[in-house]
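Listed features, source TrEMBL:
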type	residues	note
DOMAIN	7-47	domain 'F-box'
REPEAT	86-118	repeat 'WD'
REGION	282-310	region 'Disordered'
REPEAT	526-558	repeat 'WD'
Amino acid sequence: AGGGPLLPDSVLYEIFLYLDHVDVLSVGLVCQQWHAVARDEFLWKELFYRYYRISREVPRHPAAVSWYDEFQRLYDTIPCVEVQALREHNDQVLHLSFSHSGCLFASCSKDCTVKIWSNELDISLQHSSNMRPYNWSYTQFSQFNSDDSLLLVSGVFVGPHNSSSGEIAVISMENFTLLSRVRNKPYDVFGCWLNETNLISGNLHRIGRITSCSVLWLNNAFQGIESENVNVVKRLFKIQNLNASTIRTVMVADCSRYDSPDLLLDYEEQLAASSTSTCPVFDLGSDSEEEEAKPKQTPEPVVQELPDDGGVTAEDGLQQFFDDIMEGRVRPAMTETELETKVAELFVRNRTKPPELNLLSTDSNSKTKYLIFTTGCLTYSPHQIGIKRILPHQMTTAGPVLGEERRSDEFFDSLDHVIDIHGHIIGMGLSPDHRYLYVNSRAWPRDCVISDPMQPPPIAEEIDLHVFDLKTMKEVKRALRAHRAYTPNEECFFIFLDVSRDFVASGAEDRHGYIWDRHYNICLAKLQHDNVVNSVAFSPVEQELLLTASDDTTIKVWRSPRAVRIQQARKPRPRKLLFSWLMNQKS
């Protein structure tokens, strides 16, 4: 009673079966038996594996001290109790982001406002900025800088002749004034902070019908304040896009944090870290031993390599290609789209700066960061993750605008690493330690062939949540499943996910948010809304607090059963009965 656990009925039933042989004669004996049960590791281990349907070969969470505590963690610390619904937005709510201190969070919406909320016991609205005076159509993304003094807000900008691209605004958290605005094209680049005062934006230049060039820019947040003699913008990378693909959804990972992760997801690495014997890595997503024995179907991450041209220059290659066309040696006949792609590939062959070497051997003590983004090579729908190393000297707007160490004939930068997802990517998120990248995707049919980049393959309704280790560039667990999406390729939109120390959460089009345990790869909770759930956000200082944002115009606040009990215990108890008793005594 009081401080004891609140167990589900099915678990209580298991415990009663366990105690069924005991002749319970008194409350004291019951307490003694419960005390024994609470310390019975074998019982709690059996209950854990049976109740959560986990393979018994999966080890216990490395931070758990007992199976009882681990059982208690999973049923009592999941933020699955709705405690508040915020209805100040009057249109679809698209994105949520917490400040690093956890004291504030921001929300973006189709009503074209960005709202700042105070995260107290009862959450309250602190400020609202309307972006319509700046010709914005809606706000779509926000991010606090590392010291929470500035807020990056990304939105869709309506330009001349109703053309739409993106724009990024920087808002001061001291007085909520607008400090600067930066163009961002396409708008779903979103933008992100590189450090406290510099942010990354994108631009897109069309070269042909399906060929383009993405340029990623580093911008100073205080562009209207800096001297005109100081650079406020600098080109980071210029990357060629083929087959109608573009760079989108940029984010930055800090490599210096890899060797002190909050949670190691590879079981062998867990055991090595705790100086115990090694064991095989188990596939958690399978339903049978036969399925576990099968190799993973997800393509292995591959490093992008420049084609071997045998010493032939780009000019010679192009001339040879054109001669082959004129003399009929190109068979079968190429379509206009295939011809454009082939010419673009030949043109860029010797005009691209080579990739950085030894990407996987990054010094953990260095200040190197990774720029991560979605891209592609086969069609316009994002189906690859590109990774580009940002070196320390590139993290400032000082220096030559067009970058250092680039020959005059090096027009483009190559990607340092590419992860192929074989599906439409609809969401990405980093773990708090930046060691793991979580990716929402909707798979293409197996063995599908893309003949027209403007007609990508159909995508699955099931959403796969992949997990990649950025230290090894490999997928470390079988994709998580439970959530679904229904829109086709041309209408597919971003569904934001978030990762805490122990949990990962995501929105979905099936009117629910979902929470999984990162270690056991199991779905723990479904959080209901009345429409599509676009975004989720854990408090960075309290993972038992989760926010969900939906097309139903609401932001819901979810806390764990334990947090709710603690919150209720702190509230003053009503004194009405005591007052009535005293009055009766006087009379």
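Using N, Cα and C of the backbone, Cβ positions are placed for all residues, glycine too.
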Spatial neighbours of the repeat 'WD' (86-118) far in sequence, C-beta under 8 Å, 6+ residues away: 124-132, 136-144, 146-148, 151, 153-155, 171, 173, 176, 496, 531, 534-542, 547-551, 553-557
Distant-in-sequence neighbours of the repeat 'WD' (526-558), which means Cβ under 8 A and at least six residues beyond its ends: 77-87, 89-102, 105, 107, 109, 119, 123, 432, 482, 493-503, 505-509, 511-515
Arithmetic mean of per-residue pLDDT over the domain 'F-box' (7-47): 58
The repeat 'WD' (86-118): DSSP-derived helix, strand, coil residue counts: 0 helix, 19 strand, 14 coil
